[in-house]
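A.B. asks: The heme b binding site annotation in TrEMBL covers His8. Annotation source TrEMBL lists Ca(2+) binding site at Thr9, Asp53, Asp61. What TrEMBL lists as disulfide bond is Cys15-Cys40. Look at TrEMBL and you will find 1-133 tagged as domain 'Plant heme peroxidase family profile'.
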Amino acid sequence: MVALSGSHTIGQARCTIFRNRIYNETNIDSSFATSLKANCPTSGGDNTLAPLDLTSPNAFDNAYFRNLLSQKGLLHSDQQLFSGGSTDAQVRAYSTNPTSFSTDFANAMVKMGNLSPLTGTSGQIRTNCRKAN
């Protein structure tokens with residue numbers, strides 16, 4: 001899961017998704033939060049975008065993990081990967097070894113692609129992906 005989260009090395013998120021993190025969480029670099037607040041006010045601007053990886057937003061690399069070490073994860077779920085828990089060591093490893101990250105990411109994508117979805121009465125197509133029907 002840590003390797004797959006590294007996909008956040010590219011892409012953007014809407015202000016409405018990360019607003020709570022930059023205004024209310026304490027495990028965030030203060031200058032990083034301040035820079036985001038300039039374009040994401042406490043209300044309004046919901047559709048304003050920010051890169052998931054401030055360092056290299058258009059490159060698939062391991063900068064995302066280095067950002068987490070500096071408490072510069074844009075999303076709450078990202079920063080949780082490096083917050084004193086069981087995934088800290090893996091984040092540290094990927095932050096210094098881009099080859100390991102790339103290999104593990106590719107393997108995880110193949111593994112995920114080989115999953116078979118539940119169909120018929122064994123599964124469901126959610127009308128709202130955030131909750132079971």
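Backbone N, Cα and C define each Cβ position, glycine as well.
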A.B. asks: With the cut-off set at 10 Å between Cβ atoms, which of these disulfide-bonded residues ends up with the most neighbours? Options: Cys15, Cys40.
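C.D. replies: The most densely surrounded of these disulfide-bonded residues is Cys40.
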A.B. asks: For the binding-site residues His8, Thr9, Asp53, Asp61, work out the Cβ neighbour count at 10 Å and name the residue with the minimum.
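C.D. replies: Minimum Cβ neighbour count within 10 Å, taken over the binding-site residues His8, Thr9, Asp53, Asp61, occurs at Asp61.
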A.B. asks: Which one is closest to Asp53 (Ca(2+) binding site) in space, judged by CA to CA distance, out of the recorded positions His8, Cys15, Cys40?
C.D. replies: His8
A.B. asks: Asp61 (Ca(2+) binding site) to Cys40 (disulfide bond): how many Å between their Cα atoms?
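C.D. replies: Given the Cα positions, Asp61 (Ca(2+) binding site) is 26 Å from Cys40 (disulfide bond).
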A.B. asks: Between Cys40 (disulfide bond) and His8 (heme b binding site), what C-alpha distance do you get in Å?
C.D. replies: 19
A.B. asks: Taking the recorded Ca(2+) site as Thr9, Asp53, Asp61, identify the other residues of that chain whose CB atom sits within 8 Å of the mean position of the site's CB atoms, giving them in sequence order.
C.D. replies: Gly6, His8, Ile10, Leu52, Thr55, Ser56, Pro57, Ala59, Phe60, Asn62, Ala63, Tyr64
A.B. asks: So, by DSSP, how many helix, strand and coil residues make up the domain 'Plant heme peroxidase family profile' (1-133)?
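C.D. replies: Counts, helix then strand then coil: 68 helix, 6 strand, 59 coil.
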A.B. asks: Quick one: Cα separation, the residue listed as 'heme b binding site' versus Cys15 (disulfide bond), in Å?
C.D. replies: 16
A.B. asks: Would you kindly give the Cα-Cα distance separating Thr9 (Ca(2+) binding site) and Cys15 (disulfide bond), rounded to the nearest Å?
C.D. replies: 17
